[in-house]
Amino acid sequence: MLGLTEAEKIKICLQKQVNSSFSLHNGFGGNLYATEEKRMFELVKPKAGASVLNQSTWIGFGDSRTDQSNSAFPRSADVSAKTADKFRSLSGGSLMLSMFGPPGKVDYLYQGCGKHKVFYEGVNWSPHAAIDCYRKNWTDIKLNFQKSIYELASQSHCMSLVNALDKTIPLQVTKGVAKNCNNSFLKNPALYTQEVKPLEQICGEENLAFFTLPTQFGTYECKLHLVASCYFIYDSKEVYNKRGCGNYFQVIYDSSGKVVGGLDNRVSPYTGNSGDTPTMQCDMLQLKPGRYSVRSSPRFLLMPERSYCFDMKEKGPVTAVQSIWGKGRESDTAVDQACSSTPGCMLIQKQKPYIGEADDHHGDQEMRELLSGLDYEARCISQSGWVNETSPFTEEYLLPPKFGRCPLAAKEESIPKIPDGLLIPTSGTDTTVTKPKSRIFGIDDLIIGLLFVAIVEAGIGGYLLGSRKESGGGVTKESAEKGFEKIGNDIQILRSSTNIAIEKLNDRISHDEQAIRDLTLEIENARSEALLGELGIIRALLVGNISIGLQESLWELASEITNRAGDLAVEVSPGCWIIDNNICDQSCQNFIFKFNETAPVPTIPPLDTKIDLQSDPFYWGSSLGLAITAAISLAALVISGIAICRTK
């Protein structure tokens, strides 16, 4: 280049832009000044009602409110046609009606498979049904039945009613009926009677019968059966046998002779009440497949003839929907109580009375809204509702049970903020960039760019190092290594400290349910605090990587200017050039520094800064993926801030 006199020199630099409107963001290996900032995540609010994690892996069991074959459908339904198609339903039916088979009631073969099971049935066996059969009020039996169904369903992929058990009954008995059972009797248990003419101490023969619980029913595998062990309860021996010969007993034995259910008044006392009519009690037994025997005192034999079978192959969520009548009909709370006392069961309850559209009892708008989420897939389902947003934080603690990628409770002000808008890098403390060191721009250097930060979902993938595109731009692996090493170490420290705290909390577990709930809440809070800490580390790493990337991008821009200038300009310091005003006039300067004011600055490839936080099942309780992608684009606007400074 020709020598230049002082009078001919013009110094062109990148103008300083930082002022009081900028905020400083510190990061690993580099800092940023920014005109704006935003939280890494916003708080989400759960939607009330039911939803599912996967549309292809759930099944429902219902009645007329989910029955597409009902003549009043869809006005009679509380779900959409799409959701009704997922239900196994029949108007007038219920799982308990099919289990016991009272005379004159709907008897439907409930069966199906799904990881998540939704139960919206039960109202058809309620006080309004007025089922007697030696029992004026069946609510406590219904409660135990529904609870057992929910418990076993939560551990099984498939379930089915077994409506005909193989059995062997004694020759001396015949099918019996009862006046208070519509002159008939239940299909399960079946009543068998023995005609006897009692003499002193002689009351007929003891009944001995057998039934077999199958290992398979049709295509359904049976690892465990729910069996109703029913027996009569007498207030006194005299009520059972007025001549005083013998005591009542009805006992079920397994193949080894062990008692598994029933009542034996030979060893257990009578109630001592003053009633003259027995009542029937039914206990819910969970029995493995096999051959069982039933022994009963003369006169009466109650024989198990049905069961529900479960394959016990897969644990999954259970949702129970409150099943009540509209005005004028008496309901019970058995479904509510059963679900609330069963681990893993989410209860959906109305806040208002049931008001139907098709009639008083079918097509309630509030219930339709609560069940509308069954049309969608959620990221998280819980007792508090369902969430489909990707944010890991919610304002309120989500009540258990909960499944999926559930957000943790956090205060908005505790969520870290990341820089946004106009960004200017500082040189920071990074020493791994080697292009060359004099090229690293400090706080006195300008860059005007647009930063687009998108928070996207990612699967479990461990920690991914930032990568540099072959064509230039982005973060070098070397410049990110120290930051990633630090984030890895800090996260391990956080997790170790949290796990130690959780172990201490475990020592405080007692059998008191409230203490366990309190413990669960404390663990959730510990998880939230740890995640916020990890996000703080991620934010610092992100800021550092963006800062380094911007510095590199600025260096590439400076290199482009130097290359265009050739011998017409001398770079005297990072971002500053001296030219001869007589040799390079305004149009020449426009060509070098403003690219003729026509061609944009070549777009810098996106800054690839991805981080996947791998979830630890013990630590998080569900799979949680975070990915932060930062992209930087420089346009012709970059050059518009260049100022010309004359030096003599």
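Here the Cβ of each residue, glycine as well, is placed from N, Cα and C on the backbone.
Taken from Swiss-Prot, the feature signal peptide covers 1-7, and the record attributes it to similarity to another entry.
If you look up Swiss-Prot, you'll see 8-33 marked as region 'Fusion domain-1', on the strength of sequence analysis.
This prediction places the mean pLDDT of the topological domain 'Extracellular' (8-623) at 80. Summarising the annotation, Swiss-Prot assigns topological domain 'Extracellular' to 8-623.
Sequence annotations record features per position, and here Swiss-Prot assigns N-linked glycosylation site to Asn19 (among others).
The feature region 'Esterase domain-1' is assigned by Swiss-Prot to 34-151.
Its Cβ placed at the centre, Asn54 (N-linked glycosylation site) has 12 other Cβ atoms within 10 Å. Residues annotated as N-linked glycosylation site in Swiss-Prot: Asn54 (among others).
Of all Cβ atoms in the shown protein chains, 25 besides its own fall within 10 Å of the Cβ of Ser64 (active site, nucleophile). DSSP assigns Ser64 (active site, nucleophile) to a helix in the three-state reduction. The active site, nucleophile feature in Swiss-Prot is assigned to Ser64; the stated evidence is sequence analysis.
If you look up Swiss-Prot, you'll see Asn137 (among others) marked as N-linked glycosylation site. Cβ neighbours within 10 Å of Asn137 (N-linked glycosylation site), excluding its own Cβ and spanning all shown chains: 12.
Summarising the annotation, Swiss-Prot assigns region 'N-acetyl-9-O-acetylneuraminic acid binding' to 151-303.
Taken from Swiss-Prot, the feature N-linked glycosylation site applies to Asn182 (among others), supported by sequence analysis. Its Cβ taken as reference, Asn182 (N-linked glycosylation site) is surrounded by 15 other Cβ atoms within 10 Å in the chains shown.
What Swiss-Prot lists as disulfide bond is Cys203-Cys245 (among others).
Annotation for Cys222 (disulfide bond): spatial neighbours Ser160, Val162, Leu213, Pro214, Thr215, Gln216, Pro289, Cys309, Phe310, Asp311, criterion Cβ-Cβ under 8 Å with sequence separation of six or more. For Cys222-Cys309 (among others), the entry in Swiss-Prot reads disulfide bond.
If you look up Swiss-Prot, you'll see Cys230-Cys282 (among others) marked as disulfide bond. Long-range C-beta contacts of Cys282 (disulfide bond), restricted to its own chain and to partners at least six residues apart, with a cutoff below 8 Å, comprise Phe100, Ile141, Phe145, Pro189, Ala228, Ser229, Cys230. In the three-state DSSP assignment, the secondary structure recorded for Cys282 (disulfide bond) is strand.
Here Swiss-Prot flags 303-357 as region 'Esterase domain-2', drawing on sequence analysis.
The region 'Fusion domain-2' annotation in Swiss-Prot covers 358-643 and is backed by sequence analysis.
Long-range neighbours of Asp359 (active site, charge relay system) (same chain, six or more residues apart, CB within less than 8 Å of its CB): Ala72, Ser76, Gly326. The DSSP secondary structure for Asp359 (active site, charge relay system) is strand. Taken from Swiss-Prot, the feature active site, charge relay system applies to Asp359 (among others).
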Helix, strand and coil residues within the region 'Esterase domain-1' (34-151) as assigned by DSSP: 32 helix, 25 strand, 61 coil
Cα-nearest neighbour of Asn137 (N-linked glycosylation site) within the listed recorded positions, Asn54, His362, Asn388, Asn545: His362
Fewest-neighbour residue among glycosylation sites, criterion Cβ within 10 Å, set Asn388, Asn545: Asn388
Cα-nearest neighbour of Asn54 (N-linked glycosylation site) within the listed recorded positions, Ser64, His362, Asn545: Ser64
Cα-nearest neighbour of Ser64 (active site, nucleophile) within the listed recorded positions, Asn182, His362, Asn545: His362
Spatial separation of Asn545 (N-linked glycosylation site) from Asn182 (N-linked glycosylation site) - C-alpha basis, Å: 80
Number of Cβ atoms other than its own within 10 Å, given for His362 (active site, charge relay system): 22
